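Note sheet for the following structure.
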Amino acid sequence: MSVTTQEKDLSYKVKDLSQAEWGRQEIILAEKEMPGLMALRQEYKGKKPLAGARIAGSLHMTIQTAVLIETLTELGAEVRWSSCNIFSTQDHAAAAIAKAGIPVFAWKGETEEEYWWCIEQTIFFGDKGPNMILDDGGDLTAYIHEKYPKLLSEIRGISEETTTGVKSLYKLLKKGELKVPAFNVNDSVTKSKFDNLYGCRESLADGIKRATDVMLAGKVALVCGFGDVGKGSAASLRNFGARVIVTEIDPICALQASMEGYQVLRVEDIIEQVDIVVTATGNDDIITLEHMKAMKDGAILCNIGHFDTEIQMSRLNNEKGVTKKEIKPQVDKYTFPDGKSIIVLAEGRLVNLGCATGHPSFVMSCSFTNQVLAQIELYNNKYELGVYTLPKHLDEKVAALHLEQLGVRLTKLNQKQADYLGVPINGPFKPDHYRY
């Protein structure tokens with residue numbers, strides 16, 4: 001499939017519209033596990049706080065994202081959507097959204113050319129452009145800044161989902177190139193400390209096991225990076241009985257890893273001995289071609305950071321004498337001239353979405369509730385140019401919306417106790433500088 005033309009009136013492009021009913025049934029299941037989004041639908045029922053909003057969205061087109069999209073439309077927004085990764089789309093989810101009449105341009109296994117074509121389609125709302133951006137990774141934001149700068153004057157705000165995209169926002173701001181106020185959704189406590197940590201704790205092992213059927217117990221695994229994603233990834237592998245080793249550049253994160261019982265080494269210290277390597281840094285060139293050549297025969301290599309730059313895939317694919325054989329979609333065996341081979345998952349892209357279905361619905365409800373609140377805040381209030389985080393009371397609100405489903409009963413302060421702590425009786429309970 002190859003698509004290169006602009007089609008301003010195209011309403012959708014998905015792999016198979018006949019999968020819409022399957023997608024719809026899974027969306028209904030997911031709604032039961034996404035109490036935050038469903039609570040916002042109920043809270044704003046009939047109020048339409050996003051009426052008039054034209055949201056260009058670029059975020060993994062999964063079942064959980066379908067619940068987000070339909071929440072945005074129920075709150076009054078007009079939405080056009082693409083995925084932020086060539087492998088992360090769940091085709092039945094995309095089909096269900098297309099069937100519901102919401103413009104979506106996404107399918108699993110896009111080429112790079114098709115990926116950018118899909119992003120282009122999110123920008124056209126008839127003869128108008130978007131007035132809001134909802135992004136994951138920063139590609140849509142960068143695309144509009146670089147290719148359609150004239151549209152930026154109409155855009156009220158950007159909400160960015162992930163660590164990599166947030167880094168890009170701060171870089172643009174520092175260089176004076178960011179032209180639209182933005183919300184850093186990733187650094188909401190109820191996003192980074194839940195999605196990044198608890199989501200990866202469940203979805204990393206799911207992706208590796210679906211792809212390879214490998215038994216993790218007893219294996220030696222290397223996790224590169226011990227931020228929130230790395231912490232969740234290390235726990236994911238350890239919980240299945242793997243012996244986990246961590247690499248880090250940050251002495252604080254390295255000390256945390258050591259205090260959690262992980263050995264902290266450098267890649268070159270251990271690469272020849274490990275069975276599984278996971279990159280989780282958001283950086284470039286973490287695993288080089290030289291590292292791959294040194295890996296054990298049959299070792300598994302994957303990435304759970306946003307982009308495919310953490311592993312030197314281009315060098316691997318262009319190395320003379322190296323052969324590539326597809327075992328199944330997103331599972332490739334690379335054989336070196338000496339006869340040794342390694343297994344690379346999802347072409348070095350997000351393994352949990354490329355080889356499985358990503359994070360569970362409940363934790364994505366936390367993240368996406370933040371997204372909706374950020375969109376409402378940016379659309380209805382004029383912000384000066386800058387990068388903001390959601391205020392503490394909204395962060396606490398997101399958490400509170402998810403407690404009942406888990407059977408949580410919160411202790412309530414009395415006025416004397418609140419006065420003693422110096423906090424409002426109903427919160428916020430922590431200062432902005434508090435580190436959870």
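Every residue gets a Cβ built from N, Cα and C, even glycine.
Over in Swiss-Prot, the protein carries these features:
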| type | residues | note |
| --- | --- | --- |
| BINDING | Thr62, Asp136, Glu161, Lys191, Asp195 | substrate binding site |
| BINDING | 162-164, Asn196, 225-230, Glu248, Asn283, 304-306, Asn352 | NAD(+) binding site |
Inset, instruction - For Glu248 (NAD(+) binding site), write down the residues of its own chain that are at least 6 apart in sequence and whose Cβ falls under 8 Å from its Cβ; none is a fine answer. - result: Gly225, Phe226, Gly230, Ala254, Ala257, Val264
Legend entry - His306 (NAD(+) binding site) and Glu161 (substrate binding site), distance between Cα atoms, whole Å: 11
Inset, instruction - Please state how far apart, in Å and to a whole number, the two most distant Cα atoms are among Thr62, Asp136, Glu161, Lys191, Asp195, the recorded substrate-binding residues. - result: 17
Legend entry - Those binding-site residues listed as Val229, Ile304, and which of them has the most Cβ atoms within 10 Å of its own Cβ: Ile304
Legend entry - Using Cα positions only, nearest of the binding-site residues to Thr162 (NAD(+) binding site) (Thr62, Asp136, Lys191, Asp195): Asp136
Inset, instruction - Specify the nearest of the binding-site residues Thr62, Asp136, Lys191, Asp195 to Val229 (NAD(+) binding site), where nearness means the distance between Cα atoms. - result: Asp195
Inset, instruction - Between the Cα atoms of Asp195 (substrate binding site) and Gly227 (NAD(+) binding site), find the distance and write it as a whole number of Å. - result: 12
Inset, instruction - Determine, using Cα-Cα distances only, which of these binding-site residues is closest to His306 (NAD(+) binding site): Thr62, Asp136, Lys191. - result: Asp136
Inset, instruction - Ten-angstrom check, please: count other Cβ atoms within 10 Å of the Cβ of His306 (NAD(+) binding site), all chains counted. - result: 23
Legend entry - Neighbouring C-beta atoms (10 Å sphere around the C-beta of Lys191 (substrate binding site)): 29
Inset, instruction - Provide, as an integer number of angstrom, the distance between the C-alpha atoms of Ile304 (NAD(+) binding site) and Thr62 (substrate binding site). - result: 17
Legend entry - Among Gly225, Gly227, the most crowded of the binding-site residues [Cβ within 10 Å]: Gly225
Legend entry - Which same-chain residues, if any, lie at least 6 apart from Asp136 (substrate binding site) yet have Cβ under 8 Å of it: Ser58, Leu59, His60, Cys84, Glu160, Glu161, Thr162, Gly165, His306
Inset, instruction - Which residue among the binding-site residues Thr62, Thr162, Thr164 has the fewest other Cβ atoms within 10 Å of its Cβ, if you could check? - result: Thr164
